[in-house]
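Following: one structure in C-alpha cells, then a few remarks.
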C-alpha cells in the first residue's frame, strides 16, 4: 500500500510571538493579543508565559486580566501578521505544490510525490522549521503522518517548537489512546455527552456499533468511527474562493440570559472576524443562528448598507438580530455567526469610495 505523506505546520503562539519578536521588552512577559479587557473583548492569542496562567484563545479578555493582572494586552496588527504569513507560506511552496492554508499560522502540506530529501517527509518538516526560524525569527511545530487527522494530532504533540512523527504502523494505536476531546469536531458539549456514555478515549468508540453511535452523533458518527481506526481520507485542498465564513458552538448548559448569550457570542464573532481579516475579505451579510433547547433552529440575517470588515461591525448588528428571536424567553443551546456575500477587501473599498 502506498501511504500519503502529510505535514501539518502550526506556528507557536503566532500573534503573540510576532509581538515579542518585534518588541524585545515583551520577551519573557505574559502577552495577550486581542480585544480590550475593559469590555467584551476576547483573547485572540496568548504567549506561552500567559498560557502558564491558564489563558487561552477565545476566552474573555476581562477574565484573562483577572487571571493574570500583570499581563500585557495588545491590539492585533493583522497587516503585520499577514505579511509574515506570506513569507512563511513562501517557504512552504519550496517544499510542496499542494498546500492547504488553514489560517495565517497553520497549514497542511502534501509532500507525497516530492523527491526533496529523498522523499523523507520528516527531513522536509525539519528543514521547513529550520528555515522559518532562520528567516523570520519565529518557531513552528510540525506533525508528520499519513493523513491530516494524525498530522494535526502530531503537531499538537510536538508543541512548542517541536516535531512529532506518527508512522503508518503506529497510527491506529496512537489515535486510539488519545482523549476524545482531542478529535477535531468534538467540542466540549459533544465530549461531555460521549464521556457520559463511557467514551473517554478515542479507542472507546470502537466498542460501539456504528448504528448506535449514529443515534448520539448523527452524521458525524462515521467520520469519528473512522478516526478511531486512524482513517482519514480528506485530501489536502489548496485554497478555493470562499462563499461564507462561519463559527458555531453547542453549549453544555442552556441559557435564556441575554447577557450570557452576548458573552457566548463574543468568541464566535472574534473567530469569524479573524478569518475575514486573514483572507483579506469584507462581507455584505451577517447571519445569526440559534438552536433552542427543544432543538428548533432558526436564523436571522441582515445586510447593512456598508461593508462588514471587523468584529465591531458584527457586534453592532447582533442586538437587532437577537431582538428578532425568542432569546431571553426560551433557553438557547447553540449559537452561530456567519458572514456571506464575501468580496476582496480592496475591491469593496474602491467600490464603496466611488459610491460615497
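Placed from the backbone N, Cα and C atoms, the Cβ positions cover glycine too.
Noted in Swiss-Prot for the protein shown:
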- 6-187: domain 'UmuC' (DOMAIN)
- 10, 105: Mg(2+) binding site (BINDING)
- 15: site 'Substrate discrimination' (SITE)
- 106: active site (ACT_SITE)
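A map of Swiss-Prot features onto the structure.
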residue	record	Cβ within 10 Å
10	Mg(2+) binding site	20
15	site 'Substrate discrimination'	27
105	Mg(2+) binding site	23
106	active site	18
*Fill in the CA-CA distance, residue 15 (site 'Substrate discrimination') to residue 105 (Mg(2+) binding site), as an integer in Å.*
9
*Mean pLDDT, the domain 'UmuC' (6-187)?*
95
_On the three-state reduction of DSSP, what should I expect for residue 15 (site 'Substrate discrimination')?_
helix
_Where residue 106 (active site) falls in three-state DSSP terms_ = strand
*In angstrom units, rounded to an integer, how far apart are the Cα atoms of residue 10 (Mg(2+) binding site) and the residue listed as 'active site'?*
4
